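I have placed the structure first, in the form of structure tokens, so that the comments after it can refer back to it.
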2 protein chains.
Amino acid sequence: MEFVTGVTQRDEWSIAELAGAPEHSRGKIRGAVHNIRDMGEISFLILRRYDGLVQCVCEESNSGVSLRTLKEGATVEAEGVSHREARAPGGTELCLTGLRILSEPVEPMPLPISKWKMHTSLEALLNNRPISLRNLRERAKFRIQETITRSFRDFLYSQNFTEIHTPKIGARGAEGGANIFKLDYFHHPAVLAQSPQFYKQMMVGVFDRVFETGPVFRAEKHNTKRHLNEYTSLDFEMGYIDSFTEIMEMETGFLRYMTEELKKRCEKELKMLEVDLPDVEKIPCVPFTEAKELVRQTYGRPIRSPYDLEPEEEELIGKYFKDACGADFVFVTHYPSKKRPFYAMDDPADPKYTLSFDLLFRGLEVTTGGQRIHDYPTLSRKLKDRGMSEEGMDQYLSAFKHGMPPHGGLGIGLERLTMQLIGEDNVRETTLFPRDMNRLEP
Amino acid sequence: MEFVTGVTQRDEWSIAELAGAPEHSRGKIRGAVHNIRDMGEISFLILRRYDGLVQCVCEESNSGVSLRTLKEGATVEAEGVSHREARAPGGTELCLTGLRILSEPVEPMPLPISKWKMHTSLEALLNNRPISLRNLRERAKFRIQETITRSFRDFLYSQNFTEIHTPKIGARGAEGGANIFKLDYFHHPAVLAQSPQFYKQMMVGVFDRVFETGPVFRAEKHNTKRHLNEYTSLDFEMGYIDSFTEIMEMETGFLRYMTEELKKRCEKELKMLEVDLPDVEKIPCVPFTEAKELVRQTYGRPIRSPYDLEPEEEELIGKYFKDACGADFVFVTHYPSKKRPFYAMDDPADPKYTLSFDLLFRGLEVTTGGQRIHDYPTLSRKLKDRGMSEEGMDQYLSAFKHGMPPHGGLGIGLERLTMQLIGEDNVRETTLFPRDMNRLEP
């Protein structure tokens, strides 16, 4: 009988192992052909791997290895001898003694992916996504994105949150409104989740604090630089709060942890993309109406929409607090009740406003959060006041009828957060395979 | 200007802190009323929290606190003095000196959630999901599930995998066939992802090794104990493999890590649910045809479907290897090419079979995986041989045209893995909010 017992270590170097190997050690390393520089008698073969680039030197007359027919995009196993060389990436190169081809491409690259910057339109990058992502700077964005998600989870684990998986197909949307994708579910009308809102609230009754990192779907009909029709939402919901400030504190705690993790895990990528990590030591808070008024007074911009922030206002609030106290982030609090969903808790001091907030990062909203109504009579009254029916919400409302702690939470748009962190100006740049009104592929 | 600087530690005990506090310390603890036992002059109030149960003792005449009007499901802040008491959960109870009510229910519990076992039908549990999940044994399943997912990620991070997020709405399905949900995407036909297959393969060209933990959607028209129409898939795909055995090795490595993490993080839950952790030291491998023949010979079960395993055959293969070598897991390898998707790599030794496998866990398939074709001409030929068109697959095929390392991967059904681990007999038991042909809510 044959058995599998676990991962077998391969007799192969990583880039760190090559760099750490004694001078003139023999070894192997695998990777994709990034580019080849033929200098006549000597050629340089650069391999691309998950952990970076490796320089292999080939002296054809000595080694018997020829790179003449090797193509960009082929994958190979290179065999050779380690050699310290200050000009090689990582400080060590491999002097080739053998080369085994693992796979070969059939067409030349459609984009100059081995260039530092591709100087290609976003449209072309997206149309050739599986190829353009092979570029070092393109893929670096997604290593940063991975670290954001990972640090979100790890921070919340440390704060006693439980991870949940909630359904994306449902009978009705959590947020209401028209921006909802509909589908046929075995001859029943169904929708795609706009957010895990109802589910994460119900789960607060089970685990006190919960989080989810998953896709959400919004059929918004605007094709802007900051909208996606499918995105990854970093959601949490926490019970037993005394004030909605605790939600902002938890987010600030996450952001501080995130920047530490980025420094630790993404040093190379941050440098490659010239990212300035934001200051997250302290984040200023400003009430919605005050923020609007600040912008009107400081920049002479008239208030046109009294219940919501216009994109330009968000930018100017960002600018104001950057200038005033060097802040990259601003919490705008107490949004008008009119523009927040029914489950938002109104401010007892002035019920025209809610105990809610948005987080702006360099002038763009990246988070919406707030305290929720936890008491059934209040929730029921608010639904009634809004002319909404309780029909179809039985299970959600049942959680409140049977007791729910005071609670609140938030949702962070992962791609937007990544975009603002990196300093891109289009959210598609920080989405592996974006979905917008015109883009359903690849 | 006001600032938020991070998480403020609350002046409040966790259960571990109460247990660790010196005798007769004063403190507070929050939770939901799990139950109240009125013994006359003395009453016991049991609070339910994410970290377990706390016993509070109330002597009404001494403390001035009354529990008479307190309801099950209310949430409270209890204040009191710590007292060692061997019979209390955790060995320490709180002698109440004060009680602050944070929220109150308006209806009595529809299910006896404070009972050890609820003795209710699965139907009733699912119809009252936000309430039934509050039961300690119900929720324990999902702490175990959380640890499975967490250990999948952490193990793969340690093996140099990169986490990705791929779109769930697309123009076409990866697996083909009829079990696909369709939707209207801004007047274009679209589908929900049956798996991240195409995307994770494309991403192997970018990061060498990738994984994703996310929802997948299958419009299968059978309502069985082992099918869900939406489930969480733990997917990985790894490049530069020499053999498809490496994929099974990686999965075995994960399973070994998972059991260690479960022992460490879920001791209480494993005990509560009387879970026997499986043996994952070594997992036997058996080729598909041999496995079928074994079952025929050993159990006298005729082979009716030569290209696939019937559920009963899976059970009997599980039984055979349990009896033969105490194995809880079995890799069944070399499935017939006919029943595997076009991208599966055929076995060069016999192209009627593929370099693929399923993992059976206690007689149920929990994983499907295998090596994929990485070379464009072979892929193109296989599509042609199957009468399939390359149309609409341009981007996927483009990854292969421009070079892809030999690779393979797998997908694990999270809910099924949890079900088999815990010993449930219906996958809905280990799904927070299951979706099946008849269930779209809650």
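Yeah, the Cβs are placed from backbone N, Cα and C, and that goes for glycine too.
TrEMBL lists A:R218, A:A219, A:E220, A:R226, A:H227, A:L228, A:G413, A:L414, A:E415, A:R416 as ATP-binding residues, and of the candidates A:E269, A:E274, A:E365 the one it assigns to that same site is A:E365.
It is A:197-200, from the ranges A:181-184, A:197-200, A:257-260, A:317-320, that TrEMBL records as region 'Aspartate'. In the three-state DSSP assignment, the secondary structure recorded for A:P89 (site 'Important for tRNA non-discrimination') is helix.
When Cα-Cα distances from A:H227 (ATP binding site) are compared across the binding-site residues A:R218, A:T368, A:R372, the shortest belongs to A:R218. Taking the binding-site residues A:R218, A:E220, A:H227, A:R372 in turn and counting surrounding C-beta atoms within 10 angstroms, the largest count is reached at A:R372. A:T368 (L-aspartate binding site) falls within a strand segment according to DSSP. Taken over all pairs of the listed ATP-binding residues (A:R218, A:A219, A:E220, A:R226, A:H227, A:L228, A:E365, A:G413, A:L414, A:E415, A:R416), the Cα spread reaches a maximum of 19 Å, rounded to the nearest whole number.
For the region 'Aspartate' (A:197-200), the DSSP counts in helix, strand and coil order read 4 helix, 0 strand, 0 coil.
All protein chains considered, the CB of A:R416 (ATP binding site) has 22 other CB atoms within 10 Å.
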